[in-house]
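The feature domain '3-deoxy-D-manno-octulosonic-acid transferase N-terminal' is assigned by TrEMBL to 33-211. Annotation comment: TrEMBL describes 63 as active site, proton acceptor. Per TrEMBL, the feature site 'Transition state stabilizer' maps to 132, 208.
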């Protein structure tokens, strides 16, 4: 099985290599961390004296943010253990290094035996903690072979992924059956994980309900200073290609629009879109150098990483991207903590359980491209209704918290630390 899997993975790398080499040469996108991905363990991770290590893998920004409180508490509570963090994406790497220090953060190895074994030999982890659905076959198999306990936390299987997982349930049973512990986000996720053969499944709740913005980002502080009283601000977060045009057409001309594309490599493309539309717009990076009041109708392009959650605090209304097109949606909880009314498209398959909880108390409004403009206008024209909707969202956000504490207690048990 693994010979075929490794061959298929190698084939994908070979077929895609011209594109990746081109991107490395032109933008440097895949150049960073290449040696680490290939199994060359950086010196900063090597220690002269062996120390029990907890290895946490969080693929990108969302997972790093969700796990931040858990990781911070593990570093304090898991006495005698070192906590290291791996990511897959460059954006996730930046956030992780900012929060946990570069000496403890690295790129997750490619799923080849030689790369995986290099890290297992160097780190000798006492526990591997995977976030959500990072089920890499070779990594799992090599951990079992080396007798490294594997846990999956904040585990989920989305509606979009479920048919594929279920079709291959016999394979997943071999790979997930030996896991030490799987902590699912919801009862539905737990049922799906058990149906494909995952072992020792429990429900611990969603870590994302515990994400709190304690310190405003620099751009948020500037916005609070320079936005005029009563100014309506629409924050469109984690948008994907095709959505920005629809949103710009739907937002009333007197509003300030803050556009936050999901992927940094699209910042320039969205800037070009704004130029073509002859819009009044500014890049966050440029405006923040010498901020001044934003005129009605201005579009602010949030060309930064890790600031969106804080920026939601100035919003009159929030739209969650990846949902007007069939991309599965993104996290709707970030604006909820600030009691901001939330709009989201009908494609929220990746966050169905979360969205359905919000929908059950009318704390989120599901829209289409056809009624988006009318929905925005209606909420802006009825501020009392919008405020009540936002407060219901915040109540859900607060009531569902606690997943981090439950997860932490389980992990401390596994490494023999006091909970």
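Think of each number as a place in line: the chain as shown, counted from 1.
Positions of Cβ are set from backbone N, Cα and C atoms, glycine also.
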Neighbour-count leader, CB within 10 A, recorded positions: 63, 132: 63
Stretch-averaged pLDDT - the domain '3-deoxy-D-manno-octulosonic-acid transferase N-terminal' (33-211): 95
Distance from residue 208 (site 'Transition state stabilizer') back to residue 132 (site 'Transition state stabilizer'), taken between C-alpha atoms, in Å: 11
DSSP-derived structure type at residue 132 (site 'Transition state stabilizer'), helix or strand or else coil: coil
DSSP state at residue 63 (active site, proton acceptor), helix/strand/coil: helix
Separation of alpha carbons, residue 208 (site 'Transition state stabilizer') and residue 63 (active site, proton acceptor) (Å): 9
Cβ-Cβ neighbours of residue 208 (site 'Transition state stabilizer') (radius 10 Å): 24
